[in-house]
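The signal peptide feature in TrEMBL is assigned to 1-20. The domain 'Potassium channel' feature in TrEMBL is assigned to 86-143, 181-258. Taken from TrEMBL, the feature region 'Disordered' covers 282-397. According to TrEMBL, the feature compositional bias 'Basic residues' maps to 369-388.
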Amino acid sequence: MRSTTLLALLAVVLLYLVSGALVFQALERPHEQQVQKDLEDGRDKFLKDHPCVNQENLRKFIKLVADALGGGANPDTSWTNSSNHSSAWNLGSAFFFSGTIITTIGYGNTALQTEAGRLFCIFYALVGIPLFGMLLAGVGDRLGSSLRRGIGHIEAIFLKWHVPPGLVRILSAVLFLLIGCLLFVLTPTFVFSYMESWSKLEAIYFVIVTLTTVGFGDYVPGTGSGQNSAYQPLVWFWILFGLAYFASVLTTIGNWLRAVSRRTRAEVGGLTAQAASWTGTVTARVTQRAGPSCPPPEKEQPLLPSSLPAPPGAAEPACRPGSLMPSKKAETPSPPTASALDYPSENLAFIDESSDTQSERGCALPRAPRGRRRPNPARKPSRPRGPGRLRDKAVPV
């Protein structure tokens, strides 16, 4: 967010707070004056009738005091001249009350008593809370950048002293937390302890309860007598910067957690990939050792003349070429019979010779793939062969 945009947003929020303070003051101030007058009348009646006080009169008086306190009456000034008492709805107090609405702290020490004030508070909170959220994000970003820039100079000094970078990052994070706690926690603790006459424990309790937006309301600054009207608006600006610092710290922690999560996911993904690769390798080796002895060929072989079906009597090889398993010994060829030949005019001696040659090699030539095998020619009827009949002339393949 640019500086001009941030300043413009701050001006809009301040104008919004001032307008809300004027409206709340105009709506609630008359009611406060009325309950203050009722409290003084009840005081006078109690002082007049105290010799014969009974429980019913005491109960009524306590209820009157409680209603007066809820409406903004100040019990410390009710026993003196009421014209000089500090109002709960002066401009400074109304500004602080408007600030507690949009910061969602809501101490609850001062409540709205009129119907018009409550109706206006509904729409005021619906508009003011998102507006303050945008301002808080911009201020937190600038405040965090300024602190990190200052800590960066300290990191440069440590790096010149040859301090390990990991240790420098840890020291910078610790300095970021210490500087913020010193500015927005410890210093306000001593200020509130002095201004409100609180103990150190009460003061730091109020600081933490306020900056975490819990806001119990048991300790509220500026409610005592004799306080300056500008005191509570200054407290609201401290709340703004303190909440911005806490938002910056939470943002830094969130970014660190996201970075750690991304790194963890990347490491887990690497381990998963390695496990998958190892599993695939082991599976491939097991399949290679326990697989079939004659796996099908990976690629189709071209059709060769030698890929034609072997004639009858030829030995079947134990395995095709390219098989991973060792080939078995060829079977003993059977002697030629008087059955018809597959190819006409083929010499039986040539068949025996080619069969012996293939048996010595131990493996047959690759066969033609399915669907591309040549059809066998028509067979001729077998002719009787006598001992004195000459065989056909051998036809080479």
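Indices start at 1 and increase along the chain as displayed.
Even glycines carry a Cβ here, placed using N, Cα and C.
Note that TrEMBL annotation is computational and uncurated.
Secondary structure by DSSP for the domain 'Potassium channel' (181-258): 55 helix, 0 strand, 23 coil. With DSSP classes pooled into helix, strand and coil, the tally for the domain 'Potassium channel' (86-143) is 41 helix, 0 strand, 17 coil.
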